[in-house]
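As written in TrEMBL, here are the features:
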type: ACT_SITE; residues: 280; note: active site, acyl-thioester intermediate
type: BINDING; residues: 178, 179, 180, 181, 182, 183, 184, 185, 247, 248, 249, 260, 261, 262; note: substrate binding site
type: DOMAIN; residues: 125-321; note: domain 'BPL/LPL catalytic'
type: SITE; residues: 244; note: site 'Lowers pKa of active site Cys'
């Protein structure tokens, strides 16, 4: 089946990929709170991504070396994480610290700048770095007996994570391993992390295609709420008029994607205030949300929006077998 993007968006950019394993199922993992007071810490959500990716890469290496194990299929599967984070600011791997606009106005601005520097990989860095954190994990045997659980692995990663710096509004800040500039995550924002092996059908082994596909999912999701979203000719993400409603920042390892997108459903838009950050490093543009666009008196639920997103991902990516899996520990 051809995906929506293959038929309609940037078709000349697609490359033919041959001799690839086929897609089986996409497993949905949710980490969205049942109330407004709870949300998943950003480091924990990042750690879940790294644990799932780490296990999958190990399994694929074993498969490629000729080993067979009934448990391999469990870990060599596509996953999508639907999360709601507690407040955090994150900088992409090459993001400019100058887009943290408060740095020149606080006494410890130079210390914060140095700890967040893209060049700083020392013990005082605020970088969430998978290569340094995963070394604390024991190799997995996939024998169904001796391996620790994903939740235990996530807890280990979280305990070894660096201490963040804090913005003036008491929100932690980290540098992470995605593309893009500084952005905000928080309550009432739907954060979606697809972990997809782009070498498998029906996907394309093309990160540009993948990014445009993600944007198309967001545009089609917004249309269900009567909102006309659009791309920008220069900047990634999805916009409503001049204002950004969804940020996109991706990464990949051996063509398996991590990170993804953040769709503003009904977050506190004051957290994007330019006295703290220049959202996505784009000056002179605003930020909006689904609730802001549909008007007062209309309520939008994160879980309802996630259901719409799943349907649009089915359509855009041409993958039908989405399976509800586990609810992640907050």
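Cβ coordinates come from backbone N, Cα and C, glycine included.
Note on the binding-site residues 184, 261: the fewest other CB atoms within 10 A surround the CB of 261. Comparing residue 178 (substrate binding site) with residue 244 (site 'Lowers pKa of active site Cys'), their Cα atoms are 19 Å apart once rounded. Taking Cβ-Cβ distances under 8 Å and a sequence separation of 6 or more, the neighbours of residue 180 (substrate binding site) in its chain are 92, 95, 236, 247, 248, 249, 280. Taking the C-alpha positions, the distance from residue 244 (site 'Lowers pKa of active site Cys') to residue 184 (substrate binding site) comes to 12 Å. Its own atom aside, the Cβ of residue 280 (active site, acyl-thioester intermediate) has 24 Cβ atoms within 10 angstroms in the protein chains shown. In the predicted model, the domain 'BPL/LPL catalytic' (125-321) shows an average pLDDT of 94. Sequence-distant contacts of residue 182 (substrate binding site), defined as residues of its own chain at least six apart whose C-beta falls under 8 angstroms from its C-beta, comprise 89, 90, 91, 92, 95, 99, 100, 277, 278, 279, 280, 281.
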